[in-house]
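Enquirer: What TrEMBL records for His450 is active site. Annotated compositional bias 'Polar residues' per TrEMBL: 9-25, 54-64, in sequence order. Summarising the annotation, TrEMBL assigns compositional bias 'Low complexity' to 35-53. The feature region 'Disordered' is assigned by TrEMBL to 1-91. Taken from TrEMBL, the feature transmembrane segment applies to 131-152, 172-191, 203-225, 231-249, 318-336, 366-388, 437-457, 463-482, 494-513.
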Amino acid sequence: MKILDSPENIGTTTSSPQHDSNLNHSVRRRPSAGNDNSVSDSSSTNSFEAESSINYSENNQNQIGADGGRMGSADEMSNGKASGKKVGNGENREMEDLTKFAYRACAPVHRRIKESPLSSDAIFKQSHAGLFNLCVVILVAVNSRLIIENLMKYGLLIRTGFWFSSRSLRDWPLLMCCLTLPIFPLAAFIVEKLVRQKYISEPVVVILHVLITTAAVLYPVFVILRCDSAVLSGVTLMFLACIVWLKLVSFAHTNYDMRALVKSLDKGEALSSSSNMDYSYNVSFKSLVYFMVAPTLCYQPSYPRTACVRKGWVVRQLIKLVIFTGLMGFIVEQYINPIVQNSQHPLKGNLLYAIERVLKLSIPNLYVWLCMFYCFFHLWLNILAELLRFGDREFYKDWWNAKTAEEYWRMWNMPVHKWMVRHIYFPCLQNGIPKGVAILIVFLVSAIFHELCIAVPCHIFKFWAFIGIMFQVPLVMVTNYLQDKFRNSMVGNMMFWCFFSILGQPMCLLLYYHDLMNRKVNSQ
C-alpha cells in the first residue's frame, strides 16, 4: 500500500516504489494502540486527519477488496461497516496506523508544482465571486457616503415642477407635431396600395417614398427650430421622428424587395436557400399599424407572437419603470445639474480642472445612462412587447462583456443593429461596396441621427455628437488590434468603458451644456 497524497493530489506520488514498500512495512510493524473499534470521525478531528483518512479509503478500497473481499466502499469503511458487516480488527488497526502516519512530521506535504491563485496562469481558472461581492459592498458603502454628503451639503434639490410645470404648456406645438406623425405611414401605405394595383411605376414609388421619409424628419425639425421649447421635449419629438423614419424606410425597402422576389418567381427563378419563406406579397393596413407600434424597426408581414398577455407581469414592470425613472430624475437634479452648473467649458478653461469635472461627472452620468438603458431597452420595450404579444424580445445582448467597440455596437441596441444590417450594410455589400466602406457608411448614418436628436432640440449645430460617433471608427480599429494582439478580453472591454462611458459621454454633456448656455446668453 502507498503513502497517501494530499486531498487535491489523489493518485500522485513522489517517492519510489521501493521507498513506499519500506514505509508500508514500517507502518505495519508498529504496534497497535489496542483499540479494536472502527475508525470514525469526531468533532475534535482536524481537517488534515479527516482528509488523509478519506484519501486512504478512496485509494485503497479496490486493493483491500482484492485481498479477500473483506471491505466495502470508502463510506462503509469510515463507518466501520461493509455490506452490513463489521470490519475486522486487523483492517481497523491497519487503517488507524496509516491515518496516524499521514499527519506525522515525516509525511510529505509538497507533492507537485502549483501556481498561486492570483498568478497570471491561474487567475482565470477559478471563481472570483468573493471579490465581486467585496466590490459590491464597497460600491454600496462609497455611494451611500456620497449621497449623505451631498444631502448634507446641498439639501434636497429636486424641484416641485420636475415632472410637469406651467412651462411645459408652451410645448404644445411639439405635441401637435407628434400627434400628426401617423400621416406619413398612412401616405406610405397609400403608395404601396397604388403600386400593388399597378397604378404607378417603380421609379415613381421610389421617388414618393423618398419624399415621404424625408418629410417625416424635416417636419419635426422645422417645428422644433421655430419654437422655443424645452430641450427634453425636443429630444423626445426627434427621437419619435427618427423611429418613424427608420420604420418607413424598412416598410418601403421590404415591400420593394418582395415585389422583386415575386417577379423572379414568376419568371421561374428558383431560390432554394429561401424555399421555406412565404413569397406572398400583400399590403395590409393592419400589419402596418402593428408594425408602427411594435418594438421593432424591421418590417415583415407577420411576427412571432406569444399566446397571451401576462397582466401581473406588466404591472410589476410598470412599477419598476416608475421607480427607475424617478431614480434617474433624482441623480440628474441632485448630482449632474450642480456639477455641470459649477463647471467651465472643457475646451476653454484649465485643462486639469476640466479633467476633474469630467471625472466627477462620469459616475452620476454612468448611473443615469445605465438606468436609461434598463428603463427603455428592458422595461419599456418588454412591456410594449407583452401588450402586443410580440415574441422576439432580443432587444439587447450582453454588451457589458464586449471585448471591442465593434462588439458593443452590435449588441447594445439590437433593433437598430438589425435595421442597419438589413437596410444599409447588406445592400452595400450586394452592390459591390467593400466591407470597410460599408461599416463606415453605417457609422455615418448613425452619427447623423445622433446629431439630429441632440443638436436640433438644443438649437446648436456644433457636431459634437456627430464627431463622437465617428470617433468610434478608429476606436473600433484600435480595440480590434488590441484584441488580436493580446488575446485578452479585458483589454478591449476596459478601453470601451473608459473612452465611451467615463470620458466620452461626460465630455459631450459639458460641451452641449456650455454651448447651450452661451446661446441663451447671446440671444438675450
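Note that Cβ sites are derived from N, Cα and C of the backbone, with glycine treated the same way.
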Enquirer: Within 10 angstroms of the C-beta of His450 (active site), what count of other C-beta atoms is obtained when all protein chains are considered?
Expert: 18
Enquirer: Looking at the stretches 131-152, 203-225, 366-388, 437-457, which one shares the most CB pairs under 8 Å with the transmembrane segment (494-513)?
Expert: 366-388
Enquirer: Please work out whether the transmembrane segment (437-457) lies in contact with the transmembrane segment (131-152), by counting C-beta pairs under 8 angstroms that are 6 or more apart in sequence and asking whether there are at least 3.
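Expert: Answer no: the transmembrane segment (437-457) and the transmembrane segment (131-152) share fewer than 3 Cβ pairs below 8 Å.
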